[in-house]
Amino acid sequence: MTEDGIKWACEYCTFENWPSAIKCTMCRAPRPSGAIITEEPFKNRTPDVGSMEREIGSPLICPDSSARPRVKSSYSMETSSKWSCQICTYLNWPRAIRCTQCLSQRRTRSPTESPQSSGSGLRSIPGPIDPCEEYNDRNKLNIKGQHWTCSACTYENCAKAKKCVVCDHPTPNNMDAIELANTDEASSIINEQDRARWRGGCSSSNSQRRSPPTSKRDSDMDFQRIELAGAVGSKEEFELDLKKLKQIKNRMRKTDWLFLNACVGVVEGDLSAVEAYKTSGGDIARQLSADEVRLLNRPSAFDVGYTLVHLSIRFQRQDMLAILLTEVAQHAAKCIPAMVCPELTEQIRREIAASVHQRKGDFACYFLTDLVTFTLPADIEDLPPTVQEKLFDEVLDRDVQKELEEESPIINWSLELGTRLDSRLYALWNRTAGDCLLDSVLQATWGIYDKDSVLRKALHDSLRDCSHWFYSRWKEWESWYSQSFGLHFSLREEQWQEDWAFILSLASQPGASLEQTHIFVLAHILRRPIIVYGVKYYKSFRGETLGYTRFQGVYLPLLWEQSFCWKSPIALGYTRGHFSALVAMENDGFDNRGAGANLNTDDDVTVTFLPLVDSERKLLHVHFLSAQELGNEDQQEKLLREWMDCCVTEGGVLVAMQKSSRRRNHPLVTQMVEKWLDGYRQIRPCTALSDGEEDEDDEDE
């Protein structure tokens, strides 16, 4: 007893050292020079007021005689028989079978278990106690504020410690947002338990007449302690819960954290978190597991089996639904030529990178040296119907095809073009991230994705090196477009510069969505026109119109000389924030199709007629025209005829001719398509024959 009374406690690890030790035996910290208030004087003995003052020294918070009324201790005999709760240390009456504060079950004391010394010694003090001693728990709270409790092992560390000295767990301030949500809850339980112990260490009179909380924060913390203590049930269960959460976090990978952040982003309306998960290649149809729901710790928002789509519907995130629903629909098995032949695809990418050059002169824009147009092979029609259906399911985007054909007559609305002139357009499937525009442009030309961002780099470099040229066109076009809708306003030059800087930044960020200006620049890089067939309005998940899309129209390389460009355009489709390549199927190339069209081509050339009017026979808009080039429809039609090979069909439809040749096509692209098609040709023997005559025909062949 005497030796324990003269030991000194380390201010870092609270270990009790012998008085002759100048350093802590456990953590090697130097012995403090001043007095430190600890709980040790209250343990294992019955102190008097004089000894407490000698050992503790001056308290950190000591109210004067006017702060608290001087009262004598009462009910000492009754309080001495109270039992202390094992969870919150609250002193309950002997007849209580549950804790009044946290409702935890009273634990039966074993014969070998000794009573708690932290409270019994103080409860046996018979005489009156000074108010400074009575409210000394405030001093202890001050000391506790200088420490932080480890959420993994519940060890109390010094405030200066960056990590737990026992388990090396980092401080809560260094953890991620999702980890903080869990550790805050754990630390709140521990802090409330500590505060309850400090209250139990006070005098019997203070225990008997506890004053109500002095602030709203204290009452909120008490209410939270009651709820959490009732949920945990016991300290052992709480420690097991912390251990389980730590195991779950250790198993988490980067993709898992991105998925959880995306779920939180849907709930909080943060689209960037969802886009970050999409860009990383995450599965949009992924469901929340029980461990992930436990880690998120928000039962009101998350449930097992929920996907990002479920959360978007529940919290009415219409903008996210428009993107996510397209994503989920595309998780069917896809098999495009670029996926079947990775070696050839890499060679094609190297060919594209080698064909990118920069024009010398004032307009130093980048351009491609090769003219390549991708078309579906005509050999597809030789496959059995079941194999054809499988092929189209794996190479086409059925949702985009349906939206452009059935929901709105945007493509293939002319029976003359689709049937008699063999100019039916097919929407190819591609990635649905922010690179879909660049992917669709390369698919319409070379049949592959812009996986290495070769086209994006050329786009950004062209915008940077030719910024003055494109900026003047963009500014003039935006001003005219706003005035055409009756929006008469003027912007300061600083505002125009800020908007232009944002357009430049989008071009340099892989995965960032692109705008009309980028399509205009891509037309200059390809040196050929780009025709976009797209929906006219943005719509919500419920079908409500939100605004104009402004993407549909013709984009001409107006800043090049006409002699430097090709007149064969490519076609793209736009639906709900997504671009798709629109390609045709090879045809025989004969027959003078189209009134007034003198093709004069051999049988190897495929001619696709792309309409320059919509289903209402209105001329498509030509984007980024200057004030001198703007005019009525006749003047714009004349401009289109100058930049493209145009003709009028017998049905009176103004069309542009897209010409492609298998012999003139790049050999690597032809080889890639043939290898892809061979995979479907091998499926043919597995199909059932309809009758015996077909079997005989196959044998004759």
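Think of each number as a place in line: the chain as shown, counted from 1.
Glycine residues also receive a Cβ, built from the backbone N, Cα and C atoms like all the rest.
From a predicted model like this one, the values you see are computed outputs, not experimental measurements.
Going by Swiss-Prot, these are the annotated features:
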| type | residues | note |
| --- | --- | --- |
| BINDING | Cys10, Cys13, Cys24, Cys27 | Zn(2+) 1 binding site |
| REGION | 108-129 | region 'Disordered' |
| COMPBIAS | 108-121 | compositional bias 'Polar residues' |
| REGION | 197-220 | region 'Disordered' |
| COMPBIAS | 202-214 | compositional bias 'Polar residues' |
| REPEAT | 253-283 | repeat 'ANK 1' |
| ACT_SITE | His578 | active site, proton acceptor |
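Within the repeat 'ANK 1' (253-283), the DSSP-based counts of helix, strand and coil residues read 24 helix, 0 strand, 7 coil. Listed in sequence order, the residues Glu11, Tyr12, Thr14, Phe15, Asn17, Thr25, Met26, Arg28, Ala29 complete the 8 Å Cβ shell around the Zn(2+) 1 site centroid, once Cys10, Cys13, Cys24, Cys27 themselves are left out. Summary: among the binding-site residues (Cys24, Cys27), the fewest other C-beta atoms within 10 A of the C-beta are counted at Cys27. Per-residue pLDDT, averaged across the repeat 'ANK 1' (253-283), gives 86.
Around the Cβ of His578 (active site, proton acceptor), 25 further Cβ atoms fall within 10 Å across all displayed protein chains.
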